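**Q** Got a structure for you, written out below as structure tokens; questions coming shortly.
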């Protein structure tokens, strides 16, 4: 994430012809691997160590979204979880394209578009988890068209804010729309899940997923300098804050999927064991 913050600044600076510098213990240049091709063409990959994490994320996103759509039994929030995991795979794919293939081409419209997709989806995935939690506790009606309209309206607002944040050089955009939105939405999601008694046996997977996500977010933002100092200038080029953030995000999402599967199974077991109308008698749950 610290490299993306630097990219964010580099994009703004090169786009507007300004030159700035940021104090950081992390390497200021990215590792680049190039392969010679035909007609003097070179295929170059920047930040090669994070490319496998992006491919893994795409596989996790597609697999998890498909499995969630196939879960048996009544699952009111199914569509929201399915969408959330699918968007994660798309978001990390765009992140891989941005960081590995377009990192030097900061003046092009393509780089701007992919950057907006990357950060916009990151924020919106956190918003999706927020909606999943609010639907789980019936604060929002998961079957209502109004809820879906509200979700997509929020998506649009996030993308618009990111577009202006990148093009208008809003200094607060990264901390508020990236770190802030992800932290707040995921925290509220955790609170909603803790309030559901029928899911308590599945909570360890949620805690582990949240722990990995929190450590990755910390390592990629406020703890980036500490990570780079501890690894040294060489290793931090390959396994620095950005790599940790990407890898731990994959692990976190995998545990979140495990939590959703276990929570759904626990709910079905409860319904089969105690055939009670929980909506009519909520105190019996």
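From the backbone N, Cα and C atoms, a Cβ is placed for every residue, glycine too.
Feature table excerpt (TrEMBL):
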type     : residues : note
TRANSMEM : 80-99    : transmembrane segment
TRANSMEM : 111-137  : transmembrane segment
TRANSMEM : 149-166  : transmembrane segment
TRANSMEM : 172-191  : transmembrane segment
TRANSMEM : 203-223  : transmembrane segment
TRANSMEM : 243-261  : transmembrane segment
**Q** In the same chain, who gets a Cβ under 8 Å from the transmembrane segment (111-137) while lying at least 6 residues past its ends?
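**A** The answer is 4, 7-8, 11, 15, 76-77, 80-81, 83-84, 87-88, 90-91, 94-95, 97-98, 102, 105, 147, 151, 154-155, 158-159, 162-163, 166-167, 177-178, 181-182, 184-186, 188-193, 195-196.
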**Q** For the transmembrane segment (203-223), which partner among 80-99, 172-191, 243-261 gives the most CB pairs under 8 Å?
**A** 243-261
**Q** Other than its close neighbours in sequence, what residues sit by the transmembrane segment (172-191), given a CB gap under 8 Å and a spacing of at least six beyond its ends?
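**A** Same-chain residues near the transmembrane segment (172-191) but 6 or more away: 1, 5, 8, 119, 122-123, 126-127, 129-130, 132-134, 158, 161-162, 164-166, 206, 210, 213, 217, 221.
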